[in-house]
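K.L.:
So TrEMBL says this about it:
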- D:57-126: domain 'NADH:ubiquinone oxidoreductase chain 4 N-terminal' (DOMAIN)
- D:131-425: domain 'NADH:quinone oxidoreductase/Mrp antiporter transmembrane' (DOMAIN)
- D:6-23: transmembrane segment (TRANSMEM)
- D:32-51: transmembrane segment (TRANSMEM)
- D:113-131: transmembrane segment (TRANSMEM)
- D:137-155: transmembrane segment (TRANSMEM)
- D:167-188: transmembrane segment (TRANSMEM)
- D:250-273: transmembrane segment (TRANSMEM)
- D:279-301: transmembrane segment (TRANSMEM)
- D:308-329: transmembrane segment (TRANSMEM)
- D:335-358: transmembrane segment (TRANSMEM)
- D:379-400: transmembrane segment (TRANSMEM)
- D:412-432: transmembrane segment (TRANSMEM)
- D:458-475: transmembrane segment (TRANSMEM)
Amino acid sequence: MLTIQTPEAVMFWVLGPLSVIAAIGMLVVKKAVHSALLLAWIMITIALFYIAQDAVFLGIVQIVVYTGAVMMLFLFILMLVGVDASDSLTETIPGLRAIAITAALGFGGLLVSLISRAALGRPAIGLAEANKDGNVQGLAKLLFSDYVFAFEAISALLITAALGAMVLAHHQRTVARPTQREQAIARFRTGSLASAAGLPNPGVYARHNAVDVPALLPDGTPAPNSISATLKARGDMLESSQFELGEVDNTVQEEK
Amino acid sequence: MNPYNYLYVAGLLFTIGAIGVIVRRNAIVVFMCIELMLNAANLTLVTFSRINGTLEGQVTAFFTMVVAACEVVVGLAIIIAIYRSRRSASIDDASLLKR
Amino acid sequence: MTFVTPVLNYAQLAPILIVLAGAVIGVLIEAFAPRAARHSSQLFISTFSLVTAFAALMTVRNQSSVDAAMGSVAFDGAAVLIQASILAISFLAIFLIADQENFTAMAAAVPGSEEERQSLQKDLRVTEVYPLTLFAVAGMLIFPIATDLITLFVALEILSLPLYLMAGLSRRRRLMSQESALKYFLLGAFSSAFFLFGIAYLYGYSGTITLSGIQESIVGGSGNDIFLLMGIAFLSIGLLFKVGAVPFHAWTPDVYQGAPTAITGFMAAATKIAAFGAILRIFYVGFANAEWQWKPALVVIAIITMVFGSVVAITQRDVKRMLAYSSIAHAGFLLAGVIALSKSGLDSSIFYLFAYGIATLGAFAVVTLVRDSAGEVTDLNRWSGLGKRSPLLALVFALYLLTFAGIPLTSGFIGKFSIFSAAYESGSTAILITGVLASAIAAFFYIRVIVLMFFKDPVEDGTSVVIPSALTTITIAVSATVTILLGVFPAPLLNFIETTAFFIR
Amino acid sequence: MSSLTLLGILPLVGALLIAVIPAEQVLRVKQAALGTTILVAISAIMMWLNFDESNTAFQFVQSAEWIPSFGINYAVGVDGLSLVLILLAVLLTPIVVLAGWNESEGGRWSAKVFYILILVLETMMIGVFAATDVFLFYVFFEAMLIPVYFLIGGYGSGERAAAAVKFLLFSLFGGLLMLASIIGLYVISSKNGGATFDITELSQMHNYMSSTTQNLLFLGFFIAFAIKAPLWPLHTWLPDAAASGTPGTSVLLLGVLDKVGTFGMIRFCLSLFPDASKTFTPVIIVLAVISILYGAFLAIGARDIKRLIAYTSISHFGFITMGIFAMTTQGHSGAILYMFNHGFSTAALFIVAGWMIARRKSSTIADFGGLQRVTPVMAWSFFIAGMSSLALPGLSSFVSEFLVLVGTFTRYPVAAVLATFGIVLAALYILIPVQKALHGPTTPGNENLPDLNLREKFAVGPVLAIIIALGFYPAPLLNVINPVAAQVIESQGFTDPVPSESAGK
Amino acid sequence: MVTSSSLVYLIALPLFGAITLLLAGRRADKWGHLLGTAMSASSFGVGLYQLSQMLSRPTEERAIGQKLFTWIDVASFQVDAGLLLDQLSICFVLLITGVGTLIHIYSISYMSHDENRRRFFAYLNLFIAAMLLLVLGDSYLTLYVGWEGVGLASYLLIGFWNQKPAYATASKKAFVMNRIGDMGLSFAIMIAFATLGTVSFAGVKEASEGASETALTAIGIMLLVAAAGKSAQFPLQAWLGDAMAGPTPVSALIHAATMVTAGVYLIVRSNFIFDAAPTAQLIVVIVGAITLLFGAVIGTAKDDIKKALAASTMSQIGYMVLCAGLGPAGYAFAIMHLLTHGFFKAGMFLGAGSVMHGMNDSVDMRRYGGLRKFMPITFITFGLGYLAIIGVPPFAGFYSKDLIIETAFNAGGFKGILLGSITLLGAVITAFYMTRVMILTFTSPKRWEEDQHPHESPFLMWFPMVILSIGSVTSGLLFYRGDALKNWLNPVFGDHGKDHYEEHLFEPIVVSAMALTAVAIGVGIAIMKYQLSEIDAVAPQNVSIFTRIARKDLLQDSFNESVFMRPGQVLTRLLVKGDENVVDGAVRGIGRTALGAGATLRRTQSGFARSYAALILIGAVALIAGIWVVTL
């Protein structure tokens, strides 16, 4: 027979509402990265629920794999796409908002109502018996005997995922990478000699987070081409004029 | 407390995830909402595992995590590919195919 | 607690394993073989593994067991038939896929970029589609024989993920192709979340995740059926999504249109077989005793699907979209076989699936041949006068359309006849009547295309029919032949199905 | 193999023969087509001579398993009814070939294709009348749409594509409804003594149906046949199709194909669903009367000569339908004989009208005028055909029309009286075009139209001869028809009404 | 019944002529007319032979039959292609072939300038064959074949010069109105079969004895409709005037002597039905009476010589119908008048043709005058016919008409007086308009243009006229003497044929006196009005409304047009429009609805993945809502 101790109930009543609120938060925050963080929080909550429900192994995996790996992947991608980019939350498809709200209320309401009316006709058992040799051992037994076929088959899924990522992301070189020598020759052959020495580095005379601030040229004017093209494209370049020196102090201070 | 309470939470999370898919435009957020739904399903599984006193639910949840991880890889790869073509991660922009 | 060493029946799993092995070898080829050798060796490996798998399947065709993989899969007559269908169609599909004109040279290149241009110029090839296809085939092979929900879910993902990827690999109209991949992926993941949610409730209801366990719970269950019904409902959403039943169909037209045509053909034909194979097994083996609960809903869905698919197809101007809506309508017809819940329903469904799959593949193969300088021409208006340009091809396409419309002497007619009789036999008069009316509506647009091809004059806009490669020719020829043969002499196959098809419990 | 099967295959052999003749050798193609059709006609006449008139069972039967899973057989055989219609089909075909010697020239495709289509159609026509297996019948019923569709759409005039589509859609719609009914029958038969499609066995199935079921199944068949036949208000496809097809196509369409409708009413509606037939008889009689008068009025109002002939056919089909459902021996025999006679009189009208149109390059009646003086033979041919159409005594249609009227009168006097008004309208709809086209001053532009050449005389001569001969001596056909008519009436549980005034004696 | 195998030759000979001439085409132009005449003449010869055979047999064996083959045999509906030659039909056979042959001869000359003379003879032969079939058929259905056959021949001959649109229209009108009558015959046959179970004359006769009056009345009325159509009786009379469009020999043969009297034949042949159906008989009488006056009135107003004669025909047939409607008493007299009328009216038509022949085909009597001197033979033969028709003794018409008037008076009671008066009035008008024709054509001053050269017709034309005039002089007396015709025909009418002179309202001599007085009045008025006063060469327009109405054929065409034709045309147009817009429109509407539904549903495919997801969610909500409901 399953009895639930008070600590768990307390935990549930604290974390449960929090997770739901966090989930709702996911829908209403503008920045994707905030959504991601809220999701990470929900996942941790759920991990705690797992652990509370005698699914220790899953709880840990949830934190390690999900929160640790999957969410990090999400964050990576968010970074790539633009971490500061924020969504407009105004609905552009007419009627969809209404449908969404109705569906949400309907779905959620019906779901809750149905769960409340559901009866299994047997008492909740609890995992004490199943976990008596240890949760991990129990899982392992199932995993490597009864569900070994699925377990093996899932390797195909993993290969597919890797292969897919390769297909979509791998840039096959269409032209041989120019050697340094070739690059040097090219620099001199084409363009002005001004660029022959290579592009200026960002962050020279850094008074700010270096990467997104254009370098200042010796005459004090900013050099926009010192910023990575990606940042430019993303609009993450700071206005460089604010770093322009109004007047270059040419006086050389004597070292004392 | 009744273990069913976890089911309510899971149901609500699932609902919210589903709504998120509909209301959010950023493909990555949409995808995260789907992850939320999967998590809600997992929570349901684990809860039922406890109610039923068998570990199959947990095993299923475990498989789900692996599958979800693979899905994330593929999904994000696709999203990135789209993003590079369009310089946009909004799924509303990807609406050439219609009618 | 003792650990029982798992015993697998490798003979019965051999088809799956061979295909998976082929896929893995394909991946290794990608990794190690020189670029020039990849295409031919991939093609060889793919066809070889499919043929071998088929042969392996045939050696065990009379066996049946539930213990092939520790109860995870059931191997029985229906499994043999469905797997054989999938393998046969995949084999033909590989030939289409081999025509690399369909695929982008480099998926990672930004559409319209210099890199893409160069990659095209260098005639690079995405030979990864072969292993991806084989992975998908493996998933499809597992999906209809899975008897526990975990394997089912895993198989669903194995078959889906490669398809998501391949949908984005079209050579032309890359933006559309990528868009279709995105839509397919997001909606697919969305629906698989429902699927998983359904699994959770079914597990909750019965305490097991095997179909037979669920069936036992239904028979001997106490309490009420709410969790069961929720489980069935959510699980069905995932399954119906895959087959494109209304209202879970919306991805179909977009993805069919955007994906490379060879992939569309593969996906339309093989996925439908696999998914319906799974649906049949789940509903026949798992939920049979709850039929009074799920049947009405499925009837409604089937009716809406037939009508919706047919009605909307009328207004389509793009041949691939039209075929997509037609496939939606056919999903509705096929649901009639599920609803029948009888031996004849099973037999007719399998026949229908095979006949439809073959014809669909053929139809998309024809689509790949109608091109202009910018690639395939799918705008129907530009198909006008095709009968003049290329009578044979137009005739073959007309044959496919007629079989979709269910004209006698084509396989589609036998399929429709058998599946509707099965449905009516089990008392679904509504299905019969709607099915017939929907067929009438559907006939309208099939005929419109025939009119366009034969009775309209060609527009001189550079649309032409390319000389098909030998492989594509084989695909088209085989599918056309099979379509006619099954229409005129269906008896051997029908007999074979009748004596073979059953579900082991 | 029975001689019937051989007869059916013969045209196909001819079609194959033509297929190997190079398309440029048009004359050779035509000769081959003519030779084949004449050979078929002779074979059919030989069969007629060997036909045992006293035997009401099917003769020349052959039965072979086709799709045993569904109890479907390749089963053919003829009784008086089918023999008459097969004769009609095979006699008209060579005439059509000969009369429309140059018809194939304005088409989209070569003459070769035209004649292949005609020959394939001939096979289908023989098959549809010879089939004693309902499923086989349906297969022919639907499959024959395809050649006609291409004949109209490919070789017709005016809005031919649209007309072809309209024709096909109407027919398909009806066919699908019939399919639903066939499925219903099949299921009922499989639940009651084993699945079968044998017409004789199926005719016992009505004992196992509720009256609602029987009514619904009857309607499925009947609507299909009413579209074919065509009965008001399902007739609107006919004028378009007939006006757009080549004259030869229209002859086969109106003369033979539409007879499938009335043939089916007798063969299927009556014998399979006797009770439902009784239930619906009043409605059908009303529709038939409406058709008679409606068709006649529209013919009077027609400006296009081909449309006019089409409308007259609607009127005549009204007579046939009325005769069938009058449920008297006279009505029945008359209706069957009418099918044959209408075939020939309409053929004559259409053939001659076709020549007139070909010469004048217009099908508007008003464009002709005074042809009797310019082209007397052609005018006379048209006139005699017209007289046959208005059922002038002494010409073949009279016997059948009068039998129908008299047969109907004994049971449904009001309907017969109303229908008789049709004969006055018939005088109008024939004499108006006769006056406008043949009489009156010669319209400018018509002075130099050539009269019929020898080939054309040879084409129309036999038709007119048959029309006149059968008018005076219908016994050869009536002897064949009477037994089957009597048998149908008897099997329906009807006896002819006894003369009211001599009942006491 | 005695059977004979030679009856068929009566029909076969002219039919052979017709078919040969039609099939041979222009090749037969040279000898076609000869063949046609020969065929008709040989048929007449066969007829004479049959008559001699008949005379050689005892009375009860005079009727002979021939079964050619079984024509239609469907269960109880059995019709043989059988012929029946009895005392009644032999009269017709001889009339048809005899007069027919004369008219063939006449036509050789009359049509000699027409390039299609061969075709004309083919039609004439066709007519003879059909007409013979009509009177020889031994059942209503075989009669029907001849019935429509003569209609066809009539149509062809009226429209012989159909290059003139008016003539083509006239032929069509004749055919269509005849068809209305044919419809009546169809009904009659159908009723006969439904009620009596047979359609042969013998069978119906036998069955009619026990049949109810209702059934027989229905059959009788329908037969009357048929007769009215064929014999141009009210209300189906309108076609006859227009039928004069045909060549004059046609008018003489078909529209005077033979075909138009087929209605009388039908009624007389069906005596067994009418005898048992008094109501039907009464209607027959009424129709006859109306037509009698109707035709007569029209006759007074016509300036076209052929139309005047046509009106007269109509009126005279009215007499016959009236008489036939009087039952057994009248049948023989109706036939007698029919035969005598056949002679004199055919003769007069041929005379009219002769006049036209001499007057450049002009038919306007107001443009005639004084032709007596130029065409003496025509004048004399026409005049003899004239005397016969108005009923001057001892010419044929006197006897036949007198007997009809007498029979009418003898019908009994008020009915008899009324009918007698009508027939007398008819006699007055007949005398008037026929005198008018005579005066206008022959005896009044000439009114034709100077470039006309009236001349006598050639021998081939006047010879038949002479023969016919002999007939119109002598036939009456021949038939009347000793009730020769009546006794001859009586076996046909069975028991009813006995003497019916029991009650005489007037003595025969009184009736004759009254009739002669009537004639005198009519002739007198005509002479006063036309012989003794100036005649306008153009019909005066300032005439009374009655004259105008009479000239317009008593508005028969206007009536038909406004009551049948125009509504019919409107109905046709409405139906054509309706078919296009309503019936076909409904079909197209279904198509449009499907397309519209498709276009609407298509919008759900908005292209936005989110809305697709929403769709899935809606489906999910619907499903669990369903669960929620069913598990309540």
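Every residue, even glycine, has its Cβ placed from backbone N, Cα and C.
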K.L.:
Please give the sequence-distant neighbours of the transmembrane segment (D:379-400): residues at least 6 beyond its ends with Cβ less than 8 Å from one of its Cβ atoms.
P.N.:
312, 316, 323, 334-335, 337-338, 340-342, 344-346, 348-349, 352-353, 356, 371-372, 423, 426-427, 429-431, 433-434, 437-438, 452, 460, 463-464, 466-472, 474
K.L.:
Hey, does the transmembrane segment (D:32-51) touch the transmembrane segment (D:335-358), meaning at least 3 C-beta pairs closer than 8 angstroms, sequence gap 6 or more?
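P.N.:
When sequence-distant Cβ pairs are counted, the transmembrane segment (D:32-51) does not touch the transmembrane segment (D:335-358), since fewer than 3 lie under 8 Å.
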K.L.:
Under 8 angstroms for C-beta pairs, at least 3 of them, ignoring pairs fewer than 6 apart in sequence. Is the transmembrane segment (D:308-329) in contact with the transmembrane segment (D:250-273) by that rule?
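P.N.:
The answer is yes, given that the two segments have at least 3 Cβ pairs within the 8 Å cut-off.
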K.L.:
Provide the three-state DSSP residue tally for the domain 'NADH:ubiquinone oxidoreductase chain 4 N-terminal' (D:57-126): helix first, then strand, then coil.
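P.N.:
So the counts come to 43 helix, 16 strand, 11 coil.
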K.L.:
Can you name the far-off residues of the same chain, 6+ from the ends of the transmembrane segment (D:6-23), with a Cβ under 8 Å from a Cβ of it?
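P.N.:
29, 32-33, 35-37, 39-40, 43-44, 47, 76, 86, 90, 93, 110-112, 115-116, 119-120, 122-123, 126-127, 130.
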K.L.:
Across the domain 'NADH:ubiquinone oxidoreductase chain 4 N-terminal' (D:57-126), what does the mean pLDDT come to, as a whole number?
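P.N.:
It averages 86.
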